[in-house]
Amino acid sequence: MGTGASKNTEEGGSQGMGEEEERNQAGGQLYVSLKMENYKRKGDLIPHVYGSVPLVGSWDSSKALSMERESASLWELSFVVPPNHETLDFKFLLKPKYSNVPCILEEGPNRQLIGGTLQGDARLALFRLNADEVLEYRVLIQADRVSPFDLAASWRAYQENLRPSAVRGIPDVSINSAPEMSAENGSSASLELDLEHYVVPAPTSANSGNVVHPSKDGSVSTDRPATIKEMEVIVPDSSGVYSGSGVVESKSVGTFSPSQKQDNHRGLLVDRGVGSPRLVKSASASTFTVDLRMDTETKNSMPAAAGAVAAAAVADQMLGPKEDRHLAIVLVGLPARGKTFTAAKLTRYLRWLGHDTKHFNVGKYRRLKHGANQSADFFRADNPEGMEARNEVAALAMEDMISWMQEGGQVGIFDATNSSRKRRNMLMKMAEGKCKIIFLESLCNDERIIERNIRLKIQQSPDYAEQPDFEAGLQDFKDRLANYEKVYETVEEGSYIKMIDMASGHGGQIQVNNISGYLPGRIVFFLVNTHLTPRPILLTRHGESKDNVRGRIGGDTALSDAGEIYAKKLTNFIEKRLKSERAASIWTSTLQRTILTASPIVGFPKIQWRALDEINSGVCDGMTYEEIKKNMPEEYEARKKDKLRYRYPRGESYLDVIQRLEPVIIELERQRAPVVVISHQAVLRALYAYFADRPLKEIPHIEVPLHTIIEIQMGVTGVQEKRYKLMD
């Protein structure tokens, strides 16, 4: 039988209408996905959508919208509905691809979708080819109300990562651009955005000390506009997040959309919501268990990959002026305030998300042009030769960064003290009309941390590599620091982010001024959650599963005998390695092979993330690679051709996995205690690439063997790695 999936609006009565009006007022726009499926497709007949829908506007078969092929049997069309066009009246139409044979119109009454609710019964789409033959298509209709913030996020994910690919002769994602419409149709080609209710995201914390509280979709629930003036976020000390006996919440991702539930498929791509599994402390023991009950009615605030990018009209408005498409993060701060470390982390994060990012360190330019053995006198404000030399290398680095952007680079991170208003004005003048500047200022009032950073600087900086006397180098650096302090001017101009005492590991503040746009918002969100507290992160695959033994991909089988042995060895390792780390936690996917691997481990809270599930292999789930090669040779060759972007039919690509892992990365950065991640090969490849700063193209080929632990040590000196092989 034919089935349809539409938004569940069974609240009824005036209450349901009130909730819909409230969503409209909050800026949500209706996102619609139409799918048709037929395993006995006839010749060159291509499904179209015909009728009164956005981008068409009238019952004219010549304007019917072509649906895009997702796989050999599935066709899809998705679009965002303008607020003044939420009643859709349409039918499906089959058009020949090459010949002039008449179109075949779907039989039966028109289909109506009003405010996201399908009217009447769901049914098959029936097309009469001749007196004796009727072609049947299964129809799936999904309608969700989505915020402009999420639409823009989806578009950016597409624009930066999901480039159209010809691996199967079809694009990865389809975008239908809006044609011009006349005023008499009551529609316009562009979608008006109301961003008044969507501002920079703030972090979720188990503590209640946040000044700004995130809403369900991850945006901040305030009355402030998207362009923020002097917003301040207090970051509480969450070092005790797992202490105490109450219920603690942690972020989770991967809720089902209606059509995904219907097909019994796991969630796809991005879910930036904060639907949380609960950690409950047992009354009889010091261990924690996870409440696995998931709210099946929870709506995913982010559309699935195949449809979200249809928000092209929204994205065009979000891009803004040409110079806003290039972003310069200009660091500001006294020496030994963690600027370079922050720059390195931010560069790694943005590269991992697919944004072309480069770190420009002005100190390197200075050493190349003027040598590394400059004394503190070189940095005096009353030394005209030194001032001229330092401004010269700063201008040279800025010119290089702007040239790099004009050649295709997206985000440049300009690393220098930039401690005077005069220097910053010079940089803004150079960037005018070429890139957007955001100042990122690091402030620290903790003398203990400053002293520690100074000593690390003497040990690691090339400026003191040839200084054999540590104490002499220490005194010279302190003299240099004093020269900067005499003329230091904090940032009060332009767009800026101020990180105040964020390096202490005991909370801090972030002040944000005049920040707007999706990418700057994600940068603020990342910085709010980052810190310098040293702690290890342990990555490991589950123990060998029965499908591993059979060479089958995907699935959800139990452990083999060898896998059960590894679970015990892993338990012994963790108990010894983390015996003094009672605040540590164990993260697994929702698949039983990771849960069973973690089951012998006691004394630590266990959190299940749907985002940590293995890459969705779609119709190939449960097959061996030999079976795919034999039965689906085109898919096998397409995967070999471009493993990073290849998407299994009705499944995921590595780029999809990266996008859904972003909330996991943010939460890993936020944690101050050790974390053990027990997951799957593709997922761990993506996580490891983030910490190791590996290029995206290398991710599908990173070696992550079974029964091996990769320990990532995160601290002020950067990221270090160790590997432990517990079994052959």
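Each Cβ is built from the backbone N, Cα and C atoms, and glycine gets one as well.
All TrEMBL annotations are machine predictions without curation.
Residues or ranges marked as substrate binding site by TrEMBL: Arg541, His542, Gly543, Glu544, Ser545, Lys546, Asp547, Asn548, Arg593. Cβ neighbour count for Arg593 (substrate binding site): 27 (other Cβ atoms within 10 Å of its Cβ, all protein chains included).
What TrEMBL records for 24-129 is domain 'CBM20'. Here the domain 'CBM20' (24-129) is broken down by DSSP into helix, strand and coil counts: 5 helix, 52 strand, 49 coil.
The annotation region 'Disordered' is assigned in TrEMBL to 1-25 (among others).
As annotated by TrEMBL, region 'Disordered' applies to 204-223 (among others).
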### Task
Enumerate the residues of the same chain, Arg541, His542, Gly543, Glu544, Ser545, Lys546, Asp547, Asn548, Arg593 excluded, that satisfy the criterion Cβ within 8 A of the mean position of the Cβ atoms of the recorded substrate site; list them in sequence order.
Thr557, Leu559, Ser560, Gly563, Thr597, Leu706
### Task
Measure the Cβ-based neighbour count of Gly543 (substrate binding site), defined as the other Cβ atoms within 10 Å of its Cβ.
29
